[in-house]
Amino acid sequence: MYLEDTIAAIGTPVGEGGIGIIRVSGPDVPAIARRIVRRVNENGDFVSHRFYYGTVVDPESRDTVDEVMAVLMRAPRSFTREDVLEIQCHGGYLVTRRVLDAVLQCGARPAEPGEFTRRAFLNGRIDLVQAEAVIDVIRSKTEAALNLAQHQREGRLSERLKAVQGCLRHSLALVEAFIDFPDDEVDPASRVEIEAKAREASGRIEELLEGFDEGRVLRDGVSVLIAGKPNVGKSSLLNTLLQEKRAIVTSVPGTTRDIIEEVVNVRGLPLRMLDTAGIRETEDVVEQEGVRLTLEKIPQADLILFVLDGSRPFDDDDRMILAALAERRVIVVTNKSDLPVTLRIPGELEGVHTVAISTATGAGIDDLREAVFETFIHGRAIDSREYVALSQTRHRDALVKARGRIAVFFANLAAGNDLEILAVDLRDALDAVGEVTGETTPDDILELIFQRFCIGK
């Protein structure tokens with residue numbers, strides 16, 4: 001990647017649409033704009049951030065390519081902090097390709113995936129946390145996930161990380177001051193200040209780490225597998241949660257043979273719901289394969305909804321399923337609460353969260369949604385504008401490393417080890433936090449991060 005060249009890409013999805021957008025960034029943008037954008041009733045230089053109506057013309061033949069709106073944004077007042085040209089043309093595969101080709105004929109090169117965002121990062125407009133949040137904004141499936149991503153894109157998580165870095169730099173500056181003046185002893189007041197700032201940094205890191213599990217599930221969603229014997233209402237439960245008829249429901253046992261997957265939004269938490277084949281002993285070869293797939297999926301799920309028929313006794317098929325759920329996160333769902341209750345919950349399930357529902361009447365469904373939500377989001381106000389959380393494993397791992405280096409610092413401080421050793425510990429902690437924000441992130445990790453982006457972003 002060369003920041004001194006000019007890049008271009010189509011910034012809208014391929015296919016028919018109302019408009020297509022071609023983005024161009026780099027030093028040749030003003031020359032490209034003058035060469036291919038023919039403005040109506042306008043002459044002279046482009047005024048920054050003003051929309052112009054006109055046409056894009058082929059740079060060689062001067063034939064009209066399309067009717068467009070175009071805006072040139074002068075550096076540094078653009079997304080990449082470079083000169084940027086955005087051309088809005090008619091949507092469609094061929095016309096957007098022709099406009100892009102006109103730009104490329106003027107010397108621009110095709111952009112790599114995520115290269116516009118990468119330039120914004122390398123030019124200091126955003127840090128790496130904000131860059132990663134851009135793709136999370138695009139891929140968000142719920143309002144809560146979008147809010148979390150937007151908060152990160154706006155820099156709220158970055159502000160908390162800067163506060164951690166500020167504490168560590170404060171401690172490090174004091175330590176290095178005494179290293180520079182070896183004749184001076186570390187006085188008690190300075191030692192207290194060094195220790196206090198390091199503890200504050202550690203506490204701030206701990207607060208961020210505590211919110212990781214919730215941030216991760218908001219970003220990535222969780223897999224929830226509906227398990228149970230045939231005809232207990234698993235498919236009816238999926239349809240009820242979806243509020244549409246997605247799975248076939250009949251009175252014939254074994255109707256569901258394959259795994260059906262759908263996404264359900266529960267208060268902003270994306271649930272990947274898996275409706276599975278009823279688990280039982282069977283001679284049917286196809287049904288056996290469905291049971292095998294279900295048992296294979298159980299260990300991979302984040303949560304199991306173990307559905308029981310409240311109007312029938314707990315039997316051997318239920319017990320076989322219970323054995324497969326050992327050490328899994330489970331909510332017991334007793335369906336058919338509108339019928340006389342015959343089921344007795346076995347002792348092995350005592351203490352497991354149980355919700356009584358009726359898919360026929362809808363009773364208890366809101367209670368079930370709340371139980372699933374609280375399993376992953378422990379009372380936090382995820383819809384609050386103040387909600388900020390870690391959501392990337394990369395961030396969590398780097399902060400765990402930073403916390404570990406601070407712990408080593410305290411051990412060396414207590415042992416009375418040399419100031420140089422204490423300084424190394426604090427620098428290592430700072431470097432670990434810098435891996436999150438991009439200040440010390442290795443190039444190979446940067447490559448992996450920006451490869452996840454689409455071309456044009």
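Any Cβ shown, glycine's included, is placed from N, Cα and C.
Some features that Swiss-Prot has for this protein:
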- Arg23, Glu86, Arg125, Lys457: (6S)-5-formyl-5,6,7,8-tetrahydrofolate binding site (BINDING)
- 231-236, 250-256, 275-278: GTP binding site (BINDING)
- Asn231, Thr250, Val252, Thr255: K(+) binding site (BINDING)
- Ser235, Thr256: Mg(2+) binding site (BINDING)
- 221-377: domain 'TrmE-type G' (DOMAIN)
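Structural mapping of features recorded in Swiss-Prot.
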| residue | record | contacts (Cβ under 8 Å, 6+ apart) |
| --- | --- | --- |
| Arg23 | (6S)-5-formyl-5,6,7,8-tetrahydrofolate binding site | Ala8, Ala9, Ile10, Gly11, Val84, Leu85, Glu86, Ala111, Phe116, Gly456 |
| Arg125 | (6S)-5-formyl-5,6,7,8-tetrahydrofolate binding site | Pro76, Phe79, Thr80, Arg81 |
| Lys457 | (6S)-5-formyl-5,6,7,8-tetrahydrofolate binding site | Gly11, Pro113, Gly114, Phe116, Thr117, Val134, Ile135, Ile138 |
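In this structure, Lys457 ((6S)-5-formyl-5,6,7,8-tetrahydrofolate binding site) belongs to neither helix nor strand by DSSP; it is coil. Around the Cβ of Ala277 (GTP binding site), the number of neighbouring Cβ atoms within 10 Å comes to 26. In this entry, Arg23, Glu86, Arg125, Lys457 make up the residues listed for (6S)-5-formyl-5,6,7,8-tetrahydrofolate, with the farthest two CA atoms of the set 19 Å from each other.
It is Lys234 that, of the binding-site residues Asn231, Lys234, has its Cβ surrounded by the most other Cβ atoms within 10 Å. Around the Cβ of Ser235 (Mg(2+) binding site), 24 further Cβ atoms fall within 10 Å across all displayed protein chains.
Looking at the domain 'TrmE-type G' (221-377) alone, the prediction's average pLDDT is 83. Here Ser235 (Mg(2+) binding site) is positioned 9 angstrom away from Ala277 (GTP binding site), judged by their C-alpha atoms.
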